[in-house]
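Features of the protein shown, as given by Swiss-Prot:
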ACT_SITE  S90  active site, acyl-ester intermediate
BINDING   K255, T256, G257  substrate binding site
LIPID     C26  S-diacylglycerol cysteine
LIPID     C26  N-palmitoyl cysteine
SIGNAL    1-25  signal peptide
Amino acid sequence: MQRRHFLQKTLLALPIIFSGNLLTGCKTNLSDDYLPDDKITNNPNLLQNKLKEILPIWENKFNAKIGMTIIADNGELSSHRGNEYFPVNSTIKAFIASHILLLVDKEKLDLNEKIIIKESDLIEYSPVCKKYFDENKPISISELCEATITLSDNGSANILLDKIGGLTAFNQFLKEIGADMVLANNEPLLNRSHYGETSDTAKPIPYTKSLKALIVGNILSNQSKEQLITWLINDKVADNLLRKYLPKNWRIGDKTGTGSESKNIIAVIWNENNKPYFISLFITQPHDGKSLDFKNQKDEIMAQIGKEIYPFL
């Protein structure tokens, strides 16, 4: 299916977050609130107070560290441990797909380009790659991006990293969008990072600012932003997390990540007034203090945190 035809079919299902014509290219008249270099304020607010109230309780209960940042569409920022390093795990896949979209905008890649899956691509948890390999069928870059975000397919993510130009090129992209992090490994090794380390980890504040910049800033064309939103909304492995208690008539697009001692998510949530909030939530335990209760309940911890903060969005 051609990219434009796909977008036309999905456009009406998406939240409206842009100003100007949605399909007229990269440099449209977006409001100042939506620029990637917007001024983030740290004014005290009810949401900030709520984070400071509830997150230490969860941390103490499970001997965990929780990093969370929420940025409203007007730039107001609320955060807990926002400048501490947390494992990114598979949340980074949303940024990998975003880099692909940027290269498409620059006409350096084509989403319709077909790739042959090799046996060496079939690393741990690569269901989509395995399907195409078993059927001896080529897969498009668009399908690889979809698999990477909606099913967190590891092999797809690694193939896309290769198309980008490897970790060096991807880290340059992360630097340019202000993510303030370094990815040192691809899948599955990137999941072995720990809280406080400085590779394969991110700080919630710059990570969330970068997410906002990709979705409503002027880094990507409006077509690419719509495509990214579509993939995030169609995430198929996140129902038990922030989606679980999402209020009726709200919308969410997200990308999850899981490690042996961590759970994390990045998301954009639109409330009933279609106002977007950009969120990063990282939950981890020190690798010398693992708890079986934490391992079994980290999904529900994340869901409950969402339930507690939704009244403030």
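Glycine residues also receive a Cβ, built from the backbone N, Cα and C atoms like all the rest.
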For the recorded substrate site, enumerate neighbouring residues of the same chain (Cβ within 8 Å of the Cβ centroid of K255, T256, G257, site residues themselves excluded), in sequence order. N89, S90, T91, K93, A94, S152, D235, V237, A238, D254, T258, N264, I265, I266
How far is it from K255 (substrate binding site) to S90 (active site, acyl-ester intermediate), counting Cα to Cα, in Å? 8
Just how many other Cβ atoms lie inside 10 Å of the Cβ on T256 (substrate binding site)? 25
Taking 10 A as the limit, how many CB atoms besides its own sit near the CB of S90 (active site, acyl-ester intermediate)? 26
If you count other Cβ atoms within 10 Å of each one's Cβ, which of the binding-site residues K255, G257 has the most? K255
